[in-house]
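The Zn(2+) binding site annotation in TrEMBL covers 30, 34. Per TrEMBL, the feature S-adenosyl-L-methionine binding site maps to 74, 213. Positions annotated as domain '23S rRNA (guanine(745)-N(1))-methyltransferase N-terminal' by TrEMBL: 10-47.
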Ligand SMILES: C[S@@+](CC[C@H](N)C(=O)[O-])C[C@H]1O[C@@H](n2cnc3c(N)ncnc32)[C@H](O)[C@@H]1O
Ligand SMILES: [Zn+2]
């Protein structure tokens, strides 16, 4: 596993750094000898033996999300995120700009995708940033997720990313101050840990649904209503570590097939308890196409000086 993002990792057992992995080696070892298998697909399970009380997304949930995202329905959100992360990295690391210059760097900019899922947004962001010679984006990336089913896919999609099975509610296996951007797209938000791993000028980029998001199918898809106070609650939950610097809204008009709606129902939190057979029967009764509005918010947070 050759990847300079490995330099930013710390062993979750002892907090020490990892030794360089030689080509063909199938484990990641820290300098104190703690050893973690590199899966055939290329991700590493750092949680092994530690256990967690969180239920991972199932293979079916991950497949539904990937099917839906790969159909391009949320591509405008991915493009908007590409722009935001590009701006964040340029602001955090002015020495990197403009792309393609040969000024020496201490380390490459690092983007951490917390709850990366199958890596769809991270992939689109990296493609967006690939403006250097030969399509090289010059960015290191780490994807964290508790679901090994998600990471199998993420590792295939983002083979240049260090993909790790990890629980976001535990101390992150990343050195303090190393990340230039932490990205959280519909995933858990551990404000204290995100602040710790971010560089002083780094930013936390959070995507949440707005109150009208998929309102036309919310009940059918078994999704909970999104309350208007959620936006204030997000800022409140980050307070103490971050202040809100900017908000951007992304609205997408969608025309969804019954299969798309089935995927939406399976890919979210409802996917943990929905009955797939009942759902399949319900969507059979839907019209060929349903017009739906997706309403997202991108919140960009700066670190508080003391965080
Ligand atoms: C709604 S999905 C979003 C995935 C991805 N960001 C996307 O938008 O395609 C939420 C993701 O968070 C992950 N997740 C949930 N709880 C987690 C935890 N405690 N630690 C790490 N990942 C977690 C799930 O496995 C899932 O992949
Ligand atoms: Zn160790």
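Cβ atoms are placed via backbone N, Cα and C, with glycine included.
Mean model confidence for the domain '23S rRNA (guanine(745)-N(1))-methyltransferase N-terminal' (10-47) is a pLDDT of 93. Taking the Cβ of residue 213 (S-adenosyl-L-methionine binding site) as centre and 10 Å as the limit, one finds 19 other Cβ atoms among all the protein chains shown. Here the C-alpha separation of residue 213 (S-adenosyl-L-methionine binding site) and residue 30 (Zn(2+) binding site) works out to 44 Å. Counting Cβ atoms from all protein chains shown, residue 74 (S-adenosyl-L-methionine binding site) has 23 others lying within 10 Å of its own Cβ. Remark: secondary structure over the domain '23S rRNA (guanine(745)-N(1))-methyltransferase N-terminal' (10-47) totals 0 helix, 13 strand, 25 coil, with classes taken from DSSP. Sequence-distant neighbours of residue 30 (Zn(2+) binding site): residues of the same chain at least 6 apart with a C-beta under 8 Å from its C-beta are 10, 11, 13, 14, 16, 17, 18, 19. On the backbone, the CA of residue 34 (Zn(2+) binding site) and the CA of residue 74 (S-adenosyl-L-methionine binding site) stand 40 Å apart.
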